[in-house]
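Going by TrEMBL, these are the annotated features:
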BINDING   B:ASP40, B:ASP85, B:ASP236  Mg(2+) 3 binding site
BINDING   B:ASP40, B:SER54, B:ASP85  Mg(2+) 4 binding site
BINDING   B:THR55, B:ASP56, B:ASP133  Mg(2+) 1 binding site
BINDING   B:ASP56, B:ASP85  Mg(2+) 2 binding site
BINDING   B:HIS63, B:GLU289, B:TRP341  substrate binding site
BINDING   B:TYR115, B:GLY132, B:ASP133, B:ARG159, B:SER238  ATP binding site
BINDING   B:ASP239  Mg(2+) 5 binding site
DOMAIN    B:38-150  domain 'PurM-like N-terminal'
DOMAIN    B:163-319  domain 'PurM-like C-terminal'
2 protein chains.
Amino acid sequence: MFDNKEKTNLNEMGEFGLIQHLTQTIQLTNESSVKGIGDDAAVLDFKDKKTLISTDLLLENVHFDLRYVPLKHLGYKAIQVNLSDIYAMNGIASQVTISIGVSSKFPLEALEELYAGALIACEKYKVDLVGGDTSTSTQGLVISVTSIGYAEADEIAYRSGAKEGDLLCVSGDLGGAYVGLQILEREKQIYLENPEIQPDLEGKDYIIERQLKPEARKDVVELFRHLHVKPHAMIDVSDGLASEILHICNASNLGCKLYEDKIPIDPMTYETAREFGLDPTVCALSGGEDYELLFTVPQSDYDKVKNQLDISIIGYMTEPAAGQKMISKSGSEHDIVAQGWNAFTKKD
Amino acid sequence: MFDNKEKTNLNEMGEFGLIQHLTQTIQLTNESSVKGIGDDAAVLDFKDKKTLISTDLLLENVHFDLRYVPLKHLGYKAIQVNLSDIYAMNGIASQVTISIGVSSKFPLEALEELYAGALIACEKYKVDLVGGDTSTSTQGLVISVTSIGYAEADEIAYRSGAKEGDLLCVSGDLGGAYVGLQILEREKQIYLENPEIQPDLEGKDYIIERQLKPEARKDVVELFRHLHVKPHAMIDVSDGLASEILHICNASNLGCKLYEDKIPIDPMTYETAREFGLDPTVCALSGGEDYELLFTVPQSDYDKVKNQLDISIIGYMTEPAAGQKMISKSGSEHDIVAQGWNAFTKKD
């Protein structure tokens, strides 16, 4: 991947040289990608299917901290986070564009790492990188990703489609990404106080990977097709379970009952949360960045989903007047309140 | 548009409140916009047409200077610049997404101004704002726009489609945006040295508007349909005429002859360039940001384009071995060299 020289100055390459250098190996693999990088716009062909578009902005020191996020992981995660929005519509992601603003002091090799991570994600998820923009930034690193996908009209799962009585389900497990972040933040503080001390991440691979290298749940969307399940409503868990449940309830004008003891939490997440004096349930409800899929299915699909190891039935949808409630392990009922991560209140 | 309070703190609103506030008046007008803001992804329907996607990143102090760019103009320009890429494919722009990263110290009213400008551009060009992202930025203002459009497969004009003997044409006039920028930069310096002095923009409205409020040439794309002209190749003039001509020549593997005396330059651009000691032709060749359309048509279309007041025939395409040449007013021949604005060499 690297040239012989260790550090190449971006100023020497110029914008066109840089784009060409970073994208020269890209090959289009999807039938819907008619024309990728190299013209004023990409050209896509979704035939009679609907086009899905989602976009995310990732800013240094707000969404990521380069002191502990390796650039290759960052590129990978930037793509995953955005593909997750297409899967959350029950669609198939097929293309992305990636725009990067970066200080001209950044060496080319660092940018190559970032792109390498993005391209690994594209290859793994079979999406084509079809466009983007690179620019110098006078401040921090800026990443903007737009993902594009498709679905048949009747496959699309909106947030607003939930019905009273639907089962509320979630894929995978929750809270891990947030607890992984706590470990990384702790080790950063220790490092800042004493740079001699190596980070202690021993045995915490799973939850650190949940934070640094999340996987969008394309496999769940494929499972739905395999099981002939059409989720009534779906959203991805980016801001925490509580916030996402409320989005579905509000968009669908429904209440819900969520059972605390049904929320899937990995043992490592549970134990590590406890080590930090955190309530594991709160980590799942408010932590965010898990990129699992939260969805509702009709009760008639119960037999199809109940034996799927990677899907948990965590509650059900109710009439709106019943409110949005969590039944705690002790049996008491609480209002579900969104306290998810908020880009405008986070201080960093 | 404004609430009674003069300044509202973004921290008080939170991310969801902010998006809702900024987008609450948006109504979808295009048949292809199935679902806009409010779900994980927008849903679009282009039926049997091809989908076109383009994205741009605009960064404070690189692409714009808030010391002389009003926020409403900035929002307007951010959309125009991106729509221009869809028109440059000979497509119809139909949707945009806009992501904004902004310091939480920015008052809500400033962000409203930016959105107001973007929405004026959307309304004027009949495109729907269907998505985006807002985030706090620890540094400067960040704007990322993705534009989406459509075209029939045989309408799309790639950079690579030019044929030997094609007429090389450009819409409007060139160099004005660059000369307008010189005036704004001069007045900024005067202001920085003596804030008492009011900027002297007297009589320079046209070229200042070319810089602050460019118009994407949707009308030219509509004219093509009206005239039954299909450009063989097309690109928008964002980096200067020379750079764009070379893009078409390289992508089409052709040479060209460009006639200096045919390059359309407005008298105000010409005079003001002279005042600054600049060669007006160089301003047109290398200035950029004019957002006019550069295109080639077969000679058989000569009668269709020759009497269009807003289209200039500036040269023709040749075999590759003839090179890319400009014939100067004195009759001498020069190589065309790209010296356009370069995001990685600009120092600001």
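All positions are counted from 1 along the displayed chain.
The backbone N, Cα and C atoms fix where each Cβ goes, glycine too.
What TrEMBL annotates, mapped onto the structure for a quick look.
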residue	record	Cβ within 10 Å
B:ASP40	Mg(2+) 3 binding site	24
B:THR55	Mg(2+) 1 binding site	27
B:ASP56	Mg(2+) 1 binding site	23
B:HIS63	substrate binding site	24
B:TYR115	ATP binding site	24
B:GLY132	ATP binding site	25
B:ARG159	ATP binding site	22
B:SER238	ATP binding site	22
B:ASP239	Mg(2+) 5 binding site	24
B:GLU289	substrate binding site	22
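Around the Cβ of B:ASP133 (Mg(2+) 1 binding site), the number of neighbouring Cβ atoms within 10 Å comes to 21. Cβ neighbour counts within 10 Å, taken over all protein chains shown, single out B:ASP85 as the most crowded of the binding-site residues B:ASP85, B:ASP236. Straight-line distance linking the Cα atoms of B:SER238 (ATP binding site) and B:ASP40 (Mg(2+) 3 binding site), rounded to a whole number, equals 32 Å. A separation of roughly 17 Å, to the nearest angstrom, links the Cα atoms of B:SER54 (Mg(2+) 4 binding site) and B:GLU289 (substrate binding site).
When DSSP labels each residue, the domain 'PurM-like N-terminal' (B:38-150) comes out as 34 helix, 45 strand, 34 coil, counted as helix, strand and coil in that order. In this structure the C-alpha atoms belonging to B:GLU289 (substrate binding site) and B:ARG159 (ATP binding site) are separated by 18 Å.
For B:ASP40 (Mg(2+) 3 binding site), the spatially nearest entry among the binding-site residues B:THR55, B:ASP56, B:ASP239 is B:THR55, judged by CA separation. Using CA atoms as reference points, the binding-site residues B:THR55, B:HIS63, B:ASP236, B:ASP239 were checked against B:ARG159 (ATP binding site), and the closest is B:ASP236. Over the domain 'PurM-like N-terminal' (B:38-150), the average per-residue pLDDT in this prediction is 93.
Using a 10 Å radius centred on the Cβ of B:SER54 (Mg(2+) 4 binding site) and all shown protein chains, the other Cβ atoms total 31. Closeness to chain A is evaluated for the binding-site residues B:TYR115, B:SER238, B:GLU289 by Cβ distance, with values under 8 Å counted; no residue is counted. Considering only the binding-site residues B:ASP56, B:HIS63, B:ASP236, B:ASP239, B:GLY132 (ATP binding site) has B:ASP56 as its nearest partner by CA-CA distance.
Note on proximity: among B:HIS63, B:ASP85, B:TYR115, B:ASP236, the binding-site residues of the record, the Cα nearest B:THR55 (Mg(2+) 1 binding site) is that of B:ASP85.
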